[in-house]
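What follows is a short report on a single structure.
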């Protein structure tokens, strides 16, 4: 274990999702069993006492890969020279609040964090936005960072892996086969109830999923609706939002981004280059293949009428979200 430690910053570090995330990062689940890490925990001043408790627990685990823990409420210290930033914290949705209200509340938070990242982070920093609404939050952070012309737009991503994992699980449950055999799944769009789980190209143990599940209504209705509504179902069942599964998905997405997928498909929310008719500049869920800490959108997939409609619904929703945000941040979108 002679590698230099990777500096990883986690925001909202005193929160519940971060609590499910930090110990797995420190144990090597995200970057590998031979990669040391330096953890930087960032949260607001009122959370510092709770964050110190998290620090003590991390220390008490005696993780061999964890070389240093820094806990701070100073964003410049938190993001200086960081190589990976996991933006977990976001202003939660109040009871009865609409999604668009949450957008407005979070726009300035992610603009501020993006600006600090753009000025102070490692130029090769990979930024994964976990806090919802993550697509538009990622777009805002990306635009703020671009003002400093140091970190490429493609280094910002939104957490679409949770939707991907949910769809993988449903396909495994439906077919009675191990989830590890599910390949070539595509998930498109926004991390919201419009997200589109697309199994037209998917295989399980090499067998075509559309051939195994010969029921178009299941693909177009049951699978899509189950993935779309999964967060609501978890909230109704446990009285809390999905936390452990969100943290696990963040681990999965960053691990694949950092270490590569060896030719396999996964899903990331990335800035569109115009592929599949998605307007350039939107942060949108696409099927991707990752390698060498970079990604490419899977090219040349057929888009039938149903898929076109589902992709377009997501384009409209994300465009509408940005229209809410733009007047609040004219310095970024003017």
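Backbone N, Cα and C atoms are what each Cβ position is placed from, and that goes for glycine too.
Just so it is clear, the model here is predicted, and its values are computed rather than measured.
Listed features, source Swiss-Prot:
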- 12, 13, 14, 15, 16, 17, 18, 106, 113, 130, 131, 132: NAD(+) binding site (BINDING)
- 93, 99, 132, 166: substrate binding site (BINDING)
- 191: active site, proton acceptor (ACT_SITE)
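Summarising the environment of residue 113 (NAD(+) binding site), the number of other Cβ atoms within 10 Å of its Cβ, over all protein chains shown, is 27.
For the pair residue 18 (NAD(+) binding site) and residue 191 (active site, proton acceptor), the Cα-Cα distance reads 19 Å. Residue with the densest Cβ environment among the recorded positions 16, 132, 166, 191: 191, by other Cβ atoms within 10 Å. In space, 191 is the closest of the recorded positions 12, 14, 16, 191 to residue 166 (substrate binding site), judged by Cα positions.
In the three-state DSSP reading, residue 191 (active site, proton acceptor) counts as coil. Considering only the residues assigned to NAD(+) binding, 12, 13, 14, 15, 16, 17, 18, 106, 113, 130, 131, 132, the longest pairwise Cα distance works out to 20 Å. Comparing residue 131 (NAD(+) binding site) with residue 191 (active site, proton acceptor), their Cα atoms are 11 Å apart once rounded. For residue 14 (NAD(+) binding site), the same-chain residues 6+ apart in sequence whose C-beta sits under 8 angstroms from its C-beta are 41, 43, 47, 48, 50, 51, 54. The highest number of surrounding Cβ atoms within 10 Å, among the binding-site residues 12, 131, is found at 131. Around the Cβ of residue 18 (NAD(+) binding site), a 10 Å sphere holds 26 further Cβ atoms from the protein chains shown.
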